[in-house]
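The structure under discussion appears below in the form of structure tokens.
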Amino acid sequence: MQEKKDATFSYQFPDGDRRLAFSRQSSFRHWDPPLPSPSPSPSPSPSPLLRSHSFKPYLARSDSTVGMPLLEKPGQKDATWVALILAAVRGVANGSRPMKRLALMISLNVAYSMIELLLGLFTGRVGLVSDAFHLTFGCGILTFSLFAMGISRKKPDETYTYGYKRLEVLAAFTNALFLLFLSFSLAVEALHAFMQDESEHKHYLIVSAVTNLLVNLLGVWFFRSYARVNIVYWKPEDMNYHSVCLHVLADSIRSAGLILASWFLTLGVENAEVLCLGIVSVAVFMLVLPLFKATGSILLQIAPSNIHPSAFNKCSRQIASLEEVLEVSQERFWELVPGYSIGSLSVLVKKGVHEDRILQHVNGLYNDLGIQDLTVQIDYK
């Protein structure tokens, strides 16, 4: 029969913290005191908390939810969002050169998309209006990346105990998802061009494509050090900067494809638009697929990709080979952000064994492997 080591801990949580701490022992159950006895003899007062199997538990290990009164005051959530936005603005204002460059590029794209939208509305050009909405949506994605850069500098607090760094991974994933959607839309546009009469194709988008290409090439120059398909991410900032670079690079390829298609159409090349848009669609898809896989793996908390699975098995075997250890189980490892890995495992040891040497050995093994944050649970048998 396995025994768990009982221990009592003192937790000092700040005001407003809604976390719970409870032991792994049997649940405490409420005891309702009986009515006063008519007997004059005094009876000892029972304890209000009593272990019993005949009363309803306050908190069981199988409970999925705990009813607790909300401590949030009216308008507290709105104030929190305002504080986050202000922190992001301060982070951008006092940020690095890439952040200021991204803010400049977003401003240029917003100004150009507004001009394009107004021209499209006044001239009745549906293509200009559609391209303006595409640019506006892309500016929104880039603005989220800029917001993530600014807010990631905020220190961990009682709500986000690991900090805000993972927001940059989410921003990079959003960029990758947008580019995959762009690739799909270009493929649909190529199919539509194949089905329609290309002799009626409008050439007025050539000026728009050239202007958009120049603005995006400026963004590619700003983030030229990240202009690669495959890149090793050492920090979450690298992943976000890479996603921004791929975003503007994909937009540049799209604009270049439209310019090339229009030129080929003037030369009388058949199916020129279908060919150019198809090539651009495949190029954007191949360009963004590695980033989509990397960001998705982190958000799904897959085992760190920079550590081979056989290395985890080797560490587990080394721990299990210790004379005091009976079993190693519940091994879980994942990346919080690029360059910061977290793990937890349970170790079953013989009763009466001193745990300090085992903990030191386990932490040494996984720290050498690249796990920066490790939680080890020691059980006795």
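Just so it is clear, glycine is given a Cβ too, placed from its N, Cα and C backbone atoms.
The compositional bias 'Pro residues' feature in TrEMBL is assigned to 33-47. Residues or ranges marked as domain 'Cation efflux protein transmembrane' in TrEMBL: 103-300. Per TrEMBL, the feature region 'Disordered' maps to 28-50. As annotated by TrEMBL, transmembrane segment applies to 102-122, 128-148, 169-191, 203-223, 244-266, 272-292.
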Practice task
Grab the same-chain neighbours of the transmembrane segment (203-223) for me: Cβ-Cβ under 8 Å, and only residues 6 or more beyond its ends, written as numbers and ranges.
Solution key: 98, 101-102, 105, 108-109, 112, 116, 125, 127-128, 131, 135, 241, 244-245, 248-249, 251-252, 255-256, 258-259, 262, 265-266
Handout entry: Same-chain residue ranges lying at least 6 outside the transmembrane segment (102-122) that approach it to Cβ under 8 Å
Key = 92, 128-133, 135-136, 138-139, 142-143, 145-146, 149, 208, 211-212, 215, 218-219, 222, 244, 248
Practice task
Could you tell me what the rest of the chain brings near the transmembrane segment (244-266), counting residues at least six beyond its ends with Cβ under 8 Å?
Solution key: 102, 105, 138, 141-142, 145, 175-176, 178-179, 182, 186, 198, 201, 203, 205-206, 209-210, 212-213, 216-217, 219-220, 223-224, 226-227, 272-273, 275-277, 279-280, 283-284, 287-288, 291
